[in-house]
Amino acid sequence: MIGNLEHTLLQQLWWLIASVVGSLFLMLTFVQGGQTLIFTTAKSEEERSLIINSIGRKWELTFTTLVLFGGALFAAFPLFYATSFGGAYWVWMLILFTFIGQAVSFEYRKKPDNVLGAKIYEIFMLINGTVGILLIGAAVGTFFTGSSFTLTKFNSVIWDTPFRGLEAALNVFNVAFGLFLVFLARVLGAMYIVNHIHHDQLVARARKATLINLVFALPFLLTVLGGLLTMDGFAIDPNTGKVFMEKAKYLHNLLAMPAVPVLLLLGLVSVIYGVVATAFLKSNRGIWFGGLGTVLVGLAVFCLAGYNNTAFYPSVTSLQSSLTIYNASSSKYTLTVMSYVAIGVPFVLAYIAYVWRLMDARQLTLAELAKEENY
Amino acid sequence: MGEQTLATVDWSRAQFALTAMYHWIFVPLTLGLSFLIAFFETIYVKTGNEDWKKLTKFWMTLFGVNFAIGVATGIIMEFQFGTNWSNYSWMVGDIFGAPLAVEGIFAFFIEATFFAVMFFGWSRVSKGFHLLSTWMVAIGSNLSAVWILVANGWMQYPTAMQFNPDKARFEMQSFVDVALSPAAVQKFTHTTSSSFLLSSLFVLGVSGLFLLQKRHQLMAKRSMVVASIFGLIATAFVAFNGDESAYHIAQRQPMKLAAMEGLYDGQNNAPVVAMGIINASKKPGDKEPSFVGKVEIPGLLSLLANREAGTFVPGVNDLVYGNPEKQIVGAKQRIASGQIAVTELANYKAAKERGDAAAAATALTTFNQHRDDLGYGYLKTAADAAPPVAPTFYAFHIMIALGTLFPIIFILVLYFAWKGNLEEKGWLNKLAFISLFLGYVASQAGWVVAEVGRQPWAIQGLLPVNVAGSNLSATNVQITFFMFLTIFTVLLVAEIRIMMKQIKIGPEA
């Protein structure tokens, strides 16, 4: 059946799959959010250990989802992989460095003779949860604001600024997007702590933290939403394939794809309800609403960037070098094969959910940390 | 396709080599130790003996320390294909990306999901589910290796693809043929079995140290017996698929084989060099001797390379300059043909752009006649088609020598364990301890053979490294190279210190 699908449909399907993976990654950044909360919400070494051991059992899932996001983009949209990574070199390198630090920090932080000391590993976690997420947000922001690159006729990328992608951090929209993700990650991290840790004082502070961080996130969210509703966008002429600037392109996308504003609104309401439930209704289940809401918001953002004849990785210096899901994709054959492979994804999600449920069936306590293996 | 500056390409190669070598310090131990831990835990579950649980937890701690830094270096490998080798990513992404994505979906998530259960699930899940999780981590780790090695195997022996001149990239024609190509199967079996061997040496080395220190003697002996059996089985596989691998290299990458043996001038009944010192000033095409001194085994190379005694094995010079008598087309001729392909591809693209269909068709016809040599068109001289011979030769011979030593150690350990006096054999325990490091030397040497031996190609015969990279200034890559060097070295030191401390604490803490 998949073999009979048109190339165009496969390209759209794979943009959706990549969007789902990217959105799941955003949901799983509750780990990064938790990493920053050890500096603000935890008030003792015991509380820090509780947070780190709680999110530390999930860090690998976040990490793996990021790797899969990269792998899916490589497989489905190799020209994006080549253009963005090879061009915006420093943005991606800095993001990667923050993830190197994260990967070892959980395991090494409390081990004797760890050379750097626990504090440095905690700082690695903080950098990953702030700088790492900020830069990822800024990089995603360029899906809307564009980057400075030119593709040669052999699709080799020439980056048109010496800053190699760091210039994205000078754009208000990109920075706002990044900061929104940082605070959203902290909201999710606090919700996860409430759900997974049994410690009255820490949980009480985490409940407050969900609200405080949502308040901090709001101005950045409004900046992003305002930008999306008003900014000019990079449209594709469906007849010629040429890219041109269109006034209020993303507003037009919202209107042209009614499911997208529904996703966006449902997502935002769900996140806000998660915070309200956690902070005011004393529910432990806010993370489920927050997590689901984040996935929906992420999906809406990626749909806005890639569908409805929109260039998802636009070039501001060479408009016709802009990447679309049609000119950046793999061949029909590869996308077809990959689609068969993707049939296995629900099975993967099912065993992850099953194991997650088993492992999180009871809350983490100080008593368990004292007698069991821990970070 | 734009050619990058040599400095940028060389720094990118250095950075990739650095990352790959660091990554490969940690990965083989993960691949093999995960199975050894699963064996230990299985014995614990079967016997109910708490000593085996302690042993499981001890090796698990070392596994966790090693695993974390393996993950950290691994993510860099994946994204470096894009950051430093962006032309490569575009040109082969249609083929290379798919195995990478399959790896992410089917292997990494098994590891990531069950890793937490294995470490923190002792009291949260049943004994049986915990054991299953430990096995899943072992299986997931090794499945992770499958797909990246399929991708690497394809780079060594590109198959089931076609060049698309409109897109200027290679496109996959059969996923099954890519996944099951002989090079991919060889790569996977040789790499994983050698990793099992390395892990067995690791367990042997640490346990040998315990015996030398007269600590944890019972647990150390148990570990050594399990590791030696595993190591011996792994050795048998390594030897078998090593021979297969050499045969396939002879058939598909004859230049690499010539470099592995320091063979410049091809010959019938070619010998294997058992040991030798390469003449460092020797270059392809000159009259200098290949070796300063060597000890040969007559005729063996012909037998191993072609499975037929007395047959001809081509040398570096035959492959660079051609050998009409043996009907070998050399790089020199292929470069001339490749330059036509490069020119006609550019003409084709230009004609298409200006809408000149007739000129485009003419250029495409000529291009198609020379398309198989396209990659050669980017080489400057014929000698550029030869890899660095000395490092390839020495790495190969070090790997073979050590690979011969290791099974002897396993057999001796098992023999003295059976005799019941293993702890009294200080010399053997010292040898076991030293072999821990030798295992890493052999493993790294194997990758040097595989990767240095296929230079100058990113994709064998199709894409040389000088057009595979990103358009970056060398300074950018120099900075990141030293950043990687610093952070990986610091983390390696931390890892070793943590491991040493855990070994000092021991399994009975």
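First residue shown is number 1, and so on along the chain.
Including glycine, each Cβ sits where the backbone N, Cα and C put it.
Whatever TrEMBL says is automated annotation, not expert-curated.
The transmembrane segment annotation in TrEMBL covers A:13-40, A:61-81, A:87-108, A:120-144, A:172-194, A:214-236, A:256-280, A:287-307, A:337-356.
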| field | Same-chain residue ranges lying at least 6 outside the transmembrane segment (A:61-81) that approach it to Cβ under 8 Å | value | 11, 14-15, 17-18, 21-22, 24-25, 28-29, 31-32, 99, 102-103, 155, 312-313, 323, 325, 327-330, 334-335, 338, 352
| message | At a C-beta cut-off of under 8 Å, are there same-chain residues at least 6 beyond the transmembrane segment (A:214-236) that contact it? List them, or none. | response | 144-146, 172-173, 176-177, 179-180, 183-184, 187, 242-254, 268, 271-272, 275, 304, 309-311, 314, 319, 322, 324, 326
| request: Counting only CB pairs under 8 A, let me know which of A:13-40, A:172-194, A:256-280 has the most with the transmembrane segment (A:337-356). | output: A:13-40
| field | Touch test for the transmembrane segment (A:13-40) and the transmembrane segment (A:172-194), at least 3 Cβ pairs under 8 Å | value | yes
